[in-house]
Amino acid sequence: MQKYISEARLLLALAIPVILAQIAQTAMGFVDTVMAGGYSATDMAAVAIGTSIWLPAILFGHGLLLALTPVIAQLNGSGRRERIAHQVRQGFWLAGFVSVLIMLVLWNAGYIIRSMENIDPALADKAVGYLRALLWGAPGYLFFQVARNQCEGLAKTKPGMVMGFIGLLVNIPVNYIFIYGHFGMPELSGVGCGVATAAVYWAMFLAMVSYIKRARSMRDIRNEKGTAKPDPAVMKRLIQLGLPIALALFFEVTLFAVVALLVSPLGIVDVAGHQIALNFSSLMFVLPMSLAAAVTIRVGYRLGQGSTLDAQTAARTGLMVGVCMATLTAIFTVSLREQIALLYNDNPEVVTLAAHLMLLAAVYQISDSIQVIGSGILRGYKDTRSIFYITFTAYWVLGLPSGYILALTDLVVEPMGPAGFWIGFIIGLTSAAIMMMLRMRFLQRLPSAIILQRASR
């Protein structure tokens, strides 16, 4: 029991800064929306539309680079720290290549925006302008993620938290300057949010690099001079590990976007209630997602040390802590769901629907916690392909079709509206949790030599 308590302390010490960093990042998006809304409702809508396209694109790159964390954790645990610098440099090359692709997609996103049904031309122009300003921040964001993944792979999660809050604090005045045109800058309205956020991402990257260069704990990693050339073998391995994670993230984000589109014809009350419940459950999701990042670090580190038993301990402890957290957040959600809904909207119909949907959200919080931590465990074992297959099957083969049938058809019961989609979420997330646990159990039953060989690739 003592080993599990000790492991839980280590996991929480790693996870809490990640939680706070994620809150800071979420708050940046909130600040952009609110400050654009302070200028005009059109600018607020433009930022919201632009963000809905930016997120899937940038999260694809973010997911691709998540492969660095278990690679660095495993090298750190095995005492091969001299190889970390080369992996990080290849991570920067990969981030640069992916940034170019993302920037091309975002530059041409105007075709998607202008094809939206009944969209106001002025709104479309502002959304395109916002994206074309924000896309210049894509390299800065992804370079920052490489540097952050380096730190987190070395079990240093506090720098990412600090840089996240620095970015948030800088974002507010820089937004103000570019939205309203102060200190000699042009008045860009909502487009100014894109300029400001792009600048902040570069500032966060430069601040993180400055920290890494000065950190004594990373002195031995900075032993390579000059800029390493692209190493096709290393980059290929990073892509093999990262692409399934990137696709899984992409399919998860697009799932919720598709459901939002399917709910939209049902009426204002249904859309508002669905959005409130989804926004709150997304906030609760930060906890298990951050714990999953910590579990990846611990599992990768233990496998690097050559201890499959300690890796199992880290995995099991992460699951136990995650289930405890999810139980508490589920109780909190059930107990205060009406009061929470009132914070968003005071329309009685909207509040009633949102409270009902939050009850369904509470049901899946334990499953959601297990599946996301299970994904973190599999990343630690470098078993990322299974994450993609499980996520795709659970969300798009099981969850979305069942939700559609329950919400919009009478094949099983009378159309349930938004609640049907939320039952679909429960089916999808529970299926993902079961499959993640089965895969983890399969991996952990393999001979230690095979597990360690797979982890060292």
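Note that Cβ sites are derived from N, Cα and C of the backbone, with glycine treated the same way.
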From Swiss-Prot's topology annotation, check whether ARG441 and ARG89 share a side of the membrane.
yes
Apart from its near flanks, which chain residues at least 6 from the ends of the transmembrane segment (350-370) lie with a Cβ under 8 angstroms of it?
269-270, 272-274, 276-277, 280-281, 284-285, 287-288, 291, 319, 322-323, 325-327, 329-331, 333-334, 337-338, 340-342, 344, 418-419, 422-423, 425-426, 429-430, 432-433, 436-437
Within the same chain, where does the topological domain 'Cytoplasmic' (74-92) have neighbours whose Cβ lies under 8 angstroms from its own Cβ atoms, ignoring anything closer than 6 residues to its ends? I mean 6 or more beyond.
65, 68, 143, 146-147, 149-150, 153-155, 220-224, 227-228, 230-231, 234-235, 238, 300-306, 382, 455-456
Cβ-Cβ under 8 Å with the topological domain 'Cytoplasmic' (148-159): same-chain residues at least 6 beyond its ends:
14-15, 17-18, 21, 65-66, 68-73, 75-76, 84, 88, 91, 208, 211-212, 215, 217-218, 221, 293-294, 297, 300-301
Could you tell me what the rest of the chain brings near the topological domain 'Cytoplasmic' (1-10), counting residues at least six beyond its ends with Cβ under 8 Å?
298, 313-314, 316-317, 320-321
Count the Cβ pairs between the transmembrane segment (418-438) and the transmembrane segment (243-263) that lie under 8 angstroms and are 6 or more residues apart in sequence, then report whether there are at least 3.
yes
Should anything in the same chain at least six residues away from the transmembrane segment (276-296) have a Cβ under 8 Å from its Cβ atoms, list it; otherwise answer none.
11-12, 14-16, 18-19, 22-23, 26, 69-70, 73, 152, 157, 256, 260, 314-315, 318, 321-322, 325-326, 329, 333, 340-341, 344-345, 350, 354, 357-358, 360-361, 365, 368-369, 372-373, 375-377, 379-380, 422
Is the topological domain 'Cytoplasmic' (297-313) packed against any residues at least 6 beyond its ends, judged by a Cβ distance under 8 Å, and which are they?
3-4, 7, 10-11, 14, 69-80, 152-153, 155, 157, 376-377, 379-382, 444, 448, 451-452, 455-456
